[in-house]
Amino acid sequence: MKVSVLITLAVLGVMFVWTSAAEQEDHGSDRRDSPALLKSLGRVFQSEERACRELLGGCSKDSDCCAHLECRKKWPYHCVWDWTFGNEKS
């Protein structure tokens with residue numbers, strides 16, 4: 001009885017290690033590809049026509065900040081979210 005329990009536990013342990021290694025291998029390829037993916041996404045979000053400051057960028061007035069951002073009224077002055085979505089900002 002004890003031998004069969006030990007064999008069962010050993011088989012389960014080997015199966016766990018085997019599936020964990022296979023899963024790690026699958027996720028490893030995602031990690032290798034992620035820098036290239038992030039670099040390509042960075043190009044998508046960069047805009048040559050953007051003359052505004054992004055979130056937490058320094059500012060002196062609301063018009064310095066991008067859409068849906070406003071200049072913080074107290075020091076330190078930087079762009080913060082103005083709690084609007086879509087085309088709500090007037």
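Each residue's number is its place along the chain shown, starting with 1.
Any Cβ shown, glycine's included, is placed from N, Cα and C.
Sequence annotations record features per position, and here Swiss-Prot assigns signal peptide to 1-22 based on sequence analysis.
Its own atom aside, the Cβ of C52 (disulfide bond) has 15 Cβ atoms within 10 angstroms in the protein chains shown. Taken residue by residue with DSSP, C52 (disulfide bond) is part of neither helix nor strand, so it is coil. Residues annotated as disulfide bond in Swiss-Prot: C52-C66 (among others).
Within its own chain, C71 (disulfide bond) has C59, S60, K61, D62, D64, C65, Y77, H78, C79, V80 as residues 6 or more apart in sequence whose C-beta sits under 8 angstroms from its own. Per Swiss-Prot, disulfide bond is recorded for C59-C71 (among others).
The disulfide bond annotation in Swiss-Prot covers C65-C79 (among others). In the three-state DSSP classification, C79 (disulfide bond) falls within a strand.
Annotated phenylalanine amide per Swiss-Prot: F85, in sequence order. F85 (phenylalanine amide) falls outside any helix or strand according to DSSP and counts as coil.
C52 (disulfide bond) and F85 (phenylalanine amide) have their C-alpha atoms 18 Å apart, to the nearest angstrom.
In the shown protein chains, 23 other C-beta atoms lie within 10 A of the C-beta of C65 (disulfide bond). Distance from the CA of F85 (phenylalanine amide) to the CA of C66 (disulfide bond) is 13 Å.
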